[in-house]
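Undergrad: Please see the structure below; I have some questions.
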Amino acid sequence: MKRSLSSLLGRTDGWGMPLVVLFIIAGLIELMRPGSFGLEQLALICASAMILVFVATGETIVVMRGGIDLSVGGTLSLASVISATRADLPGLDLLPWLALILGVGFLIGVANALIISLLKLQPFLVTLATWSIVEGIALIVQPSEGGTVPPVWFAWGYSRPFGIPISVLLLMLLMLWWAWFRRTRMANSIRAAGSNERSAYLNRVSLMGTNIAAYGISGVMAALAGFFYATQTGAGSPVVGAQYVLPAIAAVVIGGTSLAGGRGGLTGTITGAFILNLTGTVVFLLKLTSYWQIVAQGAILVLVVITGSIVEARSERSGADR
Amino acid sequence: MNLLEARDITKRFGGIVALDGMHFAAKAGEVHAILGENGAGKSTFIQILSGALVADRGKIMLRGKTVTAHGPGAARRAGIAPVFQELSLISDLTVGENIWFGDEALTPLRMISRRALNARTAALFAELGLDGIAPDRLVRSLSIGQQQLVEIAKGLACDPDILILDEATSALVPHEVDWLLDIARRRADAGKLVLYISHRMGEVRRVADRITVLRNGETVGTAETSAIGDDEIVAMMLGRRLNRLFPERHATATDRTALKASGLSVGHQLKGMDFTLREGEVLGVAGLQGHGQRELFMALAGAVRFGGSLEVWGRPVSIRSPRHALSQGIGVALLPEDRRHQGLLLAKPVRENVVLAALSRLTRFGLIDRQAEADVVSESVSRLQIKVGSPEQLAGTLSGGNQQKVVLAKLLATDARILLFFDPTRGVDVGTKAEIFAMMRDLAASGYAILFYSTDIAELVNVADRVMVLSYGRISATLPADQLSEDRILRATMIGQVAA
Amino acid sequence: MIPWLTNGLRSPSPILLAYLGALLIFVAVSLYSPGFAHPAHVSTLIVIAAFTGIVAIGQTMVIVGGGIDLSVPWLLNSAAVATTALTRSSDAALIWVVPMILVSSAGIGAINGLAIALLRVPPIVMTLSMNVMLMGLLFIVTRGFPPPPTPLALQWIANGRIATIGLPVMLFVWLALAAIALVVERRTAFGRYLYAVGSNRTVARLSGVPVAGTTIAAYAISGFTAGLAGVLLTGYAKQSYLGMGDPYLFTSIAAVAIGGASILGGSGSYLGTIAGALILTLLTGLLPIFRLDAGALKVIYGAVILFAVAIASPQLRRFFRRE
């Protein structure tokens, strides 16, 4: 049997194509400004991409489950604000405080999942509503950008354990986590439920359990993103999360995860997040105003999806081998 | 002692009774066939057995003990494994992941070991004598036949006490059918129970020790396969046929050609068909499931692209879309296979459904003429004797027969004079069946041309003027009125099978 | 008319509930703070509600047709900036500028619809991308310079009152558009097609409904109403600025959801959306009275949406019927 390049690229989680796009963009940057990808530069790129990577990680799991999570915008803001409220805490109390921040994210996710599953409501509307609620709470906690992050956290955000920048380390940890998670029964159950709820039920998958896991992970990841944002800027923002909702969905979609559920994975999403991030560098190098980055991101998103749907239509027409 | 016993099982869906106090018993060490017409309750029963549905009333007993737990997991623990016709595979997972779903071997880190999974799958396939399916392929990339084999392997993987095969051969080629029958036989000989649901009498005769027949949600009876003849089985399945189920048939076809197809083809499913349909004629289409009927009907209705040429009322046309098919110059209307998902807007009133395809005719100055709309609706309701409280009743709340009449009314509200009936009596009560047949003959007599496919050969024999038999995407025979018999049609479908 | 009323009371429709909700909020707040019901304040609220209401016309159509339009905020903003930039405060220029803007807005909506209907791009992705592209382009084009003030004629339409009866001009603009929307929705073939496409695309297609054309038209209408709201909003704000469309993404979808439409498509009516727009605006009116800040409003907004979709949930209704 002959395996063409396109079928190879279409295999696994569908991250072949975005990876090619990422390399093309990176290649362009390297051409325009040689030495753009030294270790120091990579660390900077990583640091600026990690917030999006975290949010998009949770979004990937939810989209694989066949849902969508808009509330990550609120959760990110709330986590960043909480992170910046207690600069006075002594070092030892910081871990429980971090656990609390992530716990809040988890609870928000569980609330989403329970409302969606028990009332059989549409994820889009439910998470739109909880986004508003959680962002509102963030605004109540801290009405505007500000606060102070505990010095230890701020230092941590720029630390280099084992000589590796913390953002790079976090990215590696995240990929390790994914390498583990994608092979667990829960990941397969989430895929199954996202692919076809009825078949999943017949295969003894708990539809509510997979929802709780997916939205719970999404909440924790969004909280982690908010925490990381706070350590990078030294302050919290009750509205910053809104900037990440749409890019997170874009990263997921560019990464080859289908909004219809069941397919996709984190490798593609991380690739997608870096594609979105590097467009900024391209725009900078072309000496365009930074707003071209937004336009480019939108255009890439549409082009990737249109290409994908054309390829899919063609492969459907040729039919599965019979 | 019976391994499996079901008592007084009742299940309703809305107003429709699918099972009405049915009972069933089967022993270990037998292949037990369950037979019945479409809508007799077979699939509802096996869904209850396998935990996909919960019965409203009645109890299931295994080895004499009442089963109290519900759900697919409970059924699995009780040793019941279903092989569904609709397939329960997850298309985005691999073959191996599907077969062992939830029972995968885990590494110390609680990860699913791919290598172990694939090795186990390969071993299972070798044991079963299956080859040609790689364990790491995505189910999505398999053909329907291969998916069916995987579904069967999955049912066998857990070595169940009770294996349920629900129309498991519908997408298999003959030697695969032999393979499956052999496996069923061997399991029974090893002391397990196999429940075998099929429409194909030949298979049932070959493999089943006993037969239970269902009709209208009730158990008609159980018999040893060797002790009962085909005629008796058919009589049990059909019951006392309504005296006038089928209308009297007068030849009403004229010489005028309504539809002429030459070299009509669709993908791999339909490989070049030539036929003509005349004004006033009911042309029957027969064939086993998946032999091109669906593609033929969808192509003529403009829903799929096709090759070859087509003439409608003597004019060459290319049908681009269903809208184009329904437009004034062409006038081809389809009564689709699945009325709940293709025929009706279930959450909309009968009125909106009836006029949906005819709105351009009912619009004046851009606005819908409400009086004209009401006239069309009330005329259809009385002409087709649709039983509705008011035209505002939601289509989804009607009985199967009345729903089908609403779909029919939608076709008749258009200008179309070529009608395509795809299995119009599926899930329809006997009384409405008779009405639909009478309506078809009336329509033919008043100048419509009708193409009529049915899974029930008796309907074709008694309603159609001619029948063409499809086999592997080609016409294997066209039988004129004086040669129509169930026997001949069945043989023609079989001949095609053997030839291919 | 009577059976309609009794049926409505026996099993209240989401639309009826939405109006009752709006009435309840209005009465309760008026009792608490009598100034709330003052005609001047009421007409201010109506004007604010009208902008959400106009944007939500298109959003209702798109959602009824089974889609969603997330490109509303920056399409609205683009139309607003174009209005002030092109007219340069001249009333006369409105005659050619406004039609041009409305046609372009509808055209951008149609591009959304084309990609969604013909290229099978998911609505969320397409309209989201359109939104950010418009945002980026608008920043690039304006370079942050504020365009000149809005022509006075537009300011009169958005802020003015009809002297003899004292009612705001915007009320009549909204009423006229609402009437058209309701006629389109109920009395035209397009309206029927829209519900059919949103209910079940397969059935619609097999019944000869022009599925692609209907979808494209719905998004074009949404582009048109967002553009129109943008033009009118420059009159209200007396200028245009970047970010003026941002609130309308949330409020337009929220108004549709509160009005009882299913986000899955096929059901709902602009009649309900009007009530949704009123409720959202009344809630905004609570802020000064209860000295609430923006955070509290967001919490209330979210809770109201959840409440509205939850009471429309068949699951919940079944649960209470069983009790």
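Cβ from N, Cα, C; glycine included.
Below are the features I grabbed from TrEMBL:
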TRANSMEM  C:15-33  transmembrane segment
TRANSMEM  C:45-68  transmembrane segment
TRANSMEM  C:93-117  transmembrane segment
TRANSMEM  C:124-142  transmembrane segment
TRANSMEM  C:162-184  transmembrane segment
TRANSMEM  C:216-236  transmembrane segment
TRANSMEM  C:248-265  transmembrane segment
TRANSMEM  C:270-290  transmembrane segment
TRANSMEM  C:296-313  transmembrane segment
Undergrad: Examine the transmembrane segment (C:162-184) against the transmembrane segment (C:296-313) and state whether at least 3 Cβ pairs sit under 8 A, considering only residue pairs 6 or more apart.
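TA: The transmembrane segment (C:296-313) and the transmembrane segment (C:162-184): touching, no.
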Undergrad: Near the transmembrane segment (C:270-290), which residues from the same chain, at least 6 beyond its ends, have a CB less than 8 A from one of its CBs?
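TA: Counting only partners 6 or more residues beyond its ends, the transmembrane segment (C:270-290) has Cβ contacts under 8 Å with 14-15, 18-19, 21-22, 25-26, 29, 32-33, 36, 41, 45, 48-50, 52-53, 56-57, 59-60, 178, 181-182, 185, 251, 254-261, 296-297, 300-301, 304, 308.
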Undergrad: Look over the recorded stretches C:15-33, C:45-68, C:124-142 and say which has the most C-beta pairs under 8 A to the transmembrane segment (C:296-313).
TA: C:15-33
Undergrad: Hey, which bits of the same chain come close to the transmembrane segment (C:216-236), Cβ under 8 Å, at least six residues off its ends?
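TA: Apart from its flanks, the transmembrane segment (C:216-236) reaches 47, 50-51, 54-59, 61-62, 64-65, 67, 69, 71-72, 75-80, 83-84, 98, 101-102, 104-110, 112-114, 116-117, 127, 150, 154-159, 170, 173, 177, 190, 194, 244-245, 248.
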